Structures are given as structure tokens and as C-alpha cells.
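Note sheet for the following structure.
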Amino acid sequence: MAGQDPALSTSHPFYDVARHGILQVAGDDRFGRRVVTFSCCRMPPSHELDHQRLLEYLKYTLDQYVENDYTIVYFHYGLNSRNKPSLGWLQSAYKEFDRKDGDLTMWPRLVSNSKLKRSSHLSLPKYWDYRYKKNLKALYVVHPTSFIKVLWNILKPLISHKFGKKVIYFNYLSELHEHLKYDQLVIPPEVLRYDEKLQSLHEGRTPPPTKTPPPRPPLPTQQFGVSLQYLKDKNQGELIPPVLRFTVTYLREKGLRTEGLFRRSASVQTVREIQRLYNQGKPVNFDDYGDIHIPAVILKTFLRELPQPLLTFQAYEQILGITCVESSLRVTGCRQILRSLPEHNYVVLRYLMGFLHAVSRESIFNKMNSSNLACVFGLNLIWPSQGVSSLSALVPLNMFTELLIEYYEKIFSTPEAPGEHGLAPWEQGSRAAPLQEAVPRTQATGLTKPTLPPSPLMAARRRL
């Protein structure tokens with residue numbers, strides 16, 4: 001079936017709906033928010049699709065991201081009289097997404113569905129806490145028609161002014177470039193062909209130009225969008241990239257107990273300003289911005305803009321197989337996968353996971369346990385070399401990330417074979433000086449270099 005995810009299991013609680021490929025997760029937008037796409041052209045005729053099941057599947061999917069800021073891209077092309085839901089259904093759907101904080105009127109009917117009983121996502125506390133509209137930061141409607149305008153007028157009395165400001169219309173796909181990572185979007189071929197037709201019929205007018213700048217050599221002080229090797233070469237052999245070190249140190253000192261850390265987005269203007277300062281080698285003082293979520297967004301942005309994911313393209317297929325490993329052997333499986341990483345990637349990953357493990361240990365305050373952190377960081381650590389990760393791929397990707405965070409000490413405390421990773425310089429005891437003493441205290445950014453926290457391995461050795 002066109003659009004179906006080949007990795008989709010028939011045991012999926014919503015297989016009857018998911019097999020059509022109507023919903024896809026397409027990485028993050030330029031604001032660091034998770035992107036979910038909805039493609040009308042993949043909706044079968046109404047007699048072949050239970051629209052109530054579609055609504056429940058949409059909620060099931062969004063429930064994985066609703067605690068974080070997120071974006072929806074709605075591809076309107078392909079909606080017709082044969083597959084169009086009724087206006088009454090649309091009104092009831094909007095009202096259901098407006099339910100929150102203890103509205104249980106839908107609960108008995110939902111749990112009575114035998115297929116939903118097998119799904120663990122519908123626990124009562126999580127249903128109470130649905131915040132679909134609150135954390136939806138943008139709804140991009142692509143190729144709107146007169147039907148959309150009529151529908152908007154019908155639903156307008158139900159839609160708040162604040163929510164209405166989140167809806168943005170795009171006549172052409174090219175208009176998405178400014179807001180999203182276009183190459184990560186899962187766009188059906190039918191939508192691409194329709195967009196080409198629209199442009200050719202637009203009376204010779206050229207479509208809105210994309211704002212992708214021409215490629216330029218990176219600055220010597222460049223921090224974003226360059227490889228780990230480039231950062232090492234330009235920072236006197238430092239293995240931990242300066243942006244990663246400074247944001248982690250700041251968050252360790254001031255953000256570990258911040259509720260919802262890493263869940264919120266930040267102003268794109270602020271993010272770009274900080275990126276510009278870092279790339280120009282200028283100092284950044286996060287205290288000046290007065291928002292602890294800004295360095296958290298900068299950290300995710302740095303990982304997301306690496307030319308190759310920190311876990312590397314080569315490890316992608318191995319990581320997808322983690323769900324096939326027996327539960328008791330998964331930690332060992334993670335260690336085996338990490339053995340294939342380049343040494344530099346391994347050291348940076350260990351540093352990052354040590355920090356995220358510390359965040360998870362404060363989850364009673366910040367509400368960010370290893371599972372929640374994995375949902376945020378999974379797609380920032382690994383993605384395929386071509387296209388984007390499918391919805392079904394998110395399960396193993398997030399599981400792998402959760403294991404790295406939850407079992408950090410077991411996975412990273414014992415070094416691999418000497419020829420592979422060995423000990424990082426700051427974990428080599430008397431054989432090497434600590435990293436913070438092995439390089440100058442001032443980096444290209446002009447900031448004072450923070451002191452590394454002791455690693456669990458070093459602490460264990462001291463106890464011995």
C-alpha cells in the first residue's frame with residue numbers, strides 16, 4: 001500500500017489506520033519542535049476508514065509529543081467527497097482536543113474498545129493531562145482551498161483567537177523552507193505533483209523563492225553545522241565541543257530541577273542570535289536572556305545540526321534492531337552497538353549521556369525521567385542518511401536512547417577494548433592530566449571554560 005511503513009507491525013494497536021501512512025513524524029522544525037504531518041491524499045474512502053479510529057490514532061500519536069512543543073503540517077490536497085469526514089465529526093474532534101485537566105466524559109467509551117485496552121498509552125493520569133492545543137505552536141495548512149475557508153468560518157465560534165494565530169496557510173511547498181527542514185518532511189508524491197502543477201498554472205509567476213543561502217566555507221570559529229572533527233581541529237584538540245560543554249555546565253548549575261526541561265521551544269530570533277555569537281567566537285551569557293529553556297534549546301539545536309548524527313548513520317539499522325533483543329540483554333546490546341562508534345563520537349556521547357542521566361535523577365522535580373528525555377533526544381541523536389525516521393522507527397530509537405540514559409553507569413563505566421575507545425583523557429588517572437588542565441582555559445568563544453564534573457568511573461576508582 002502506498003505510504004505504508006514497511007516496518008509497521010500488524011500487532012500495532014492502530015494497524016488498521018496506521019497502515020495507510022496518513023500520519024508521519026518528520027523530525028524537528030527550525031524552532032526545535034517535533035513535526036507531525038497529516039496527508040489527506042492517503043485517506044481511503046470513508047467506507048474503508050473509521051474516522052473515529054482515525055481520531056483516536058491521531059491522539060495516540062500526539063500523546064507521545066503533547067508534553068513538548070510541537071508542530072503539525074497539514075497537506076490538504078487529496079481531500080474529496082469520497083474520503084472527507086463530516087462537519088459534525090470535525091466539530092466533535094475539535095472539542096475532544098480541547099478536553100484537559102480531568103474531563104473524563106470520553107474515558108469510558110475509549111477504554112471499552114478492546115484494541116485500546118492493549119495500548120498502555122491510555123492510562124488515566126495521562127488522559128487527564130492531554131494538552132493538545134496548548135503545546136501546538138504552529139499548524140501549517142498547505143494548499144488550502146475554498147473548503148478550508150468555509151470550514152474555518154463554521155468552526156470559528158469554537159476556535160479561540162490565540163489558537164487561530166497558530167494557523168498559517170501556504171500555497172506552495174517552497175514556502176515551508178523558512179520554517180521547517182524541508183528535506184526531512186514526508187511529502188506524498190501526489191502532493192509534489194500537485195504543487196508542480198500549481199506553479200506551472202500560476203500565469204507564469206515564479207513561486208515564492210526559498211531562503212536557503214548558498215554554501216559557504218565555515219568560519220574558523222564556527223560551532224553549528226560543522227563536524228566533530230572540524231570542532232576538534234579548531235579548538236586545540238578539545239574533544240567536547242565548546243557549545244555542548246558550556247550549555248551542559250550552565251544547565252547542571254542552574255537547570256537540573258527546572259520542570260519540563262528540554263520540552264519547551266524558544267524564539268527563533270533568540271536562537272539565531274546565540275548561534276551567530278557562537279559562530280563568530282563571541283561570548284554568550286545565558287543569564288542575559290532570563291530563560292533556562294534557551295540553553296536547553298541551543299543544546300538540542302547543536303546536536304540536530306551536526307552533518308552526521310552523533311550516533312552515526314552506520315549505527316541506524318543496528319539501533320532499530322534493539323527491540324528484537326531480549327530485555328535482559330539490551331544493555332549488553334547497547335554496549336556492542338557503541339563499540340562501532342568512532343572514538344570521538346563515543347567520548348562526546350558519554351559526556352552528553354552523563355548529563356542526561358543527572359537530569360533524570362532529578363525527575364521528581366523536573367518531571368523528566370529517562371523515558372521523557374529519550375522522546376526529546378532520540379531523533380536528535382540518530383536519523384537515517386536518506387529520508388526521515390518513520391513512526392514505527394521511533395519506538396526502537398527512543399528505547400535505545402532511554403537505555404543509554406537509564407543505564408548510563410553500566411553502559412559507559414567500563415571501557416571497551418584499547419584499540420576501540422579506551423579511556424577518555426579525564427578518566428585516565430595518573431596517566432594523563434585532567435582535560436580541563438590539558439588545554440587552555442579560554443576557547444575561541446571567549447568564555448571561561450567550566451570544570452568537568454568527575455565521571456562515575458573516576459569516582460568509583462577513588463572509592464577503591
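Any Cβ shown, glycine's included, is placed from N, Cα and C.
Range with Swiss-Prot annotation region 'Disordered', chosen from 101-126, 257-282, 439-464, is 439-464. For the domain 'Rho-GAP' (226-412), the model gives a mean pLDDT of 93. Counting only same-chain residues at least 6 apart in sequence, those with a Cβ under 8 Å from the Cβ of Arg263 (site 'Arginine finger') are Glu67, Asn68, Asp69, Met368, Asn372, Val376.
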